[in-house]
Amino acid sequence: LYGEASDKFHLILDKSHPGYKDLPGISVILGGLWVANLYYWGCNQYIIQRALAAKSVREAQNGMLFSGFIKLFIPLLVVIPGIAAFALEAPLEKSDEAYPWLLGNLLPVGVKGVAFAALTAAIVSSLASMMNSISTIFTMDIYRSYFRKEAGQKELVHTGRWASFGSLLIAVLIAPMLSGLDQAFQYIQEFTGFVSPGALSIFLAGFFYKRATANGALAAALGSFVFSFGLKFLFPGLPWMDRMGLVFLMCCALIVLLGKKDQPANAYTRHDPALFHTGRMFNVMSVVILAILIGFYYFWW
């Protein structure tokens with residue numbers, strides 16, 4: 001496959017390349033892609049709830065390691081099918097049709113059913129996690145905090161179910177609008193980028209910037225939308241990945257500007273050092289994962 005379509009394996013694209021807007025050169029390594037990944041894997045409630053459900057910090061860390069190794073195989077599932085469809089000269093109208101075309105034309109009947117069942121299971125699992133997150137966030141952070149502070153458990157469960165149903169209904173209404181897109185994934189990543197820079201800057205400031213304030217966090221959350229919309233309409237040719245990186249830096253600047261400069265750095269430091277302790281095996285395997293990842297980037301530069 002590499003011999004048949006070697007030009008499709010390049011990670012860093014030149015500005016003249018037609019796919020530059022989706023993979024804007026060096027920004028893939030040093031730019032907004034970090035914002036997208038750190039937000040999704042570190043700040044996304046329906047992802048981190050899996051770690052929060054672990055029996056101990058050590059188990060959560062082991063789960064992260066296992067996920068990291070599995071993540072290394074994602075290109076085989078996400079990238080390679082598209083390149084294979086290109087090499088086989090598949091008659092496709094949209095890029096998103098590559099995977100279904102491969103399943104329908106290359107796999108035998110029995111294996112095709114297994115692959116479809118696995119894909120369906122993965123989608124349902126992700127959907128269930130999202131529904132749980134939506135229900136939890138709406139019920140605990142909005143409904144109980146601002147509308148019904150005295151609400152009982154039964155009322156909260158009932159409200160959570162309605163919140164999940166409402167979100168599904170909204171998704172069903174929006175889905176037909178996405179049918180004309182060439183790549184739904186790119187669309188999702190771009191418009192998630194209106195939220196992720198602000199959310200990531202808030203989380204990082206909470207961990208590492210001891211003079212951060214609630215006003216700074218609120219400004220970053222709102223500024224993420226304002227800056228993203230502004231850059232999108234003022235500079236329509238700016239790649240969405242670069243826009244995410246710029247908005248992230250702007251949100252960080254807001255948090256610093258609105259921070260308490262006269263507040264001692266250790267004024268509100270409360271943490272248990274044991275929560276941040278990592279074992280030798282975790283450290284070693286993390287280095288192994290990073291080394292493999294760096295090798296991938298070096299090989300497909």
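Positions of Cβ are set from backbone N, Cα and C atoms, glycine also.
Here TrEMBL flags 23-42, 63-88, 114-138, 159-179, 191-209, 216-235, 241-259, 280-300 as transmembrane segment.
For the transmembrane segment (280-300), same-chain residues at least 6 beyond its ends with a Cβ under 8 Å from one of its own Cβ atoms are 9-11, 29, 61-62, 65, 68-69, 72, 75. When each of 63-88, 114-138, 159-179, 191-209, 241-259 is scored by its Cβ pairs under 8 Å to the transmembrane segment (23-42), the top-ranked stretch turns out to be 241-259. Using a Cβ-Cβ cut-off under 8 Å and counting only residues 6 or more beyond its ends in the same chain, the transmembrane segment (159-179) has close neighbours at 131-132, 134-136, 138-139, 143, 151, 187.
Sequence-distant residue pairs (6 or more apart) of the transmembrane segment (191-209) and the transmembrane segment (241-259) include at least 3 whose Cβ atoms are under 8 Å, placing the two stretches in contact.
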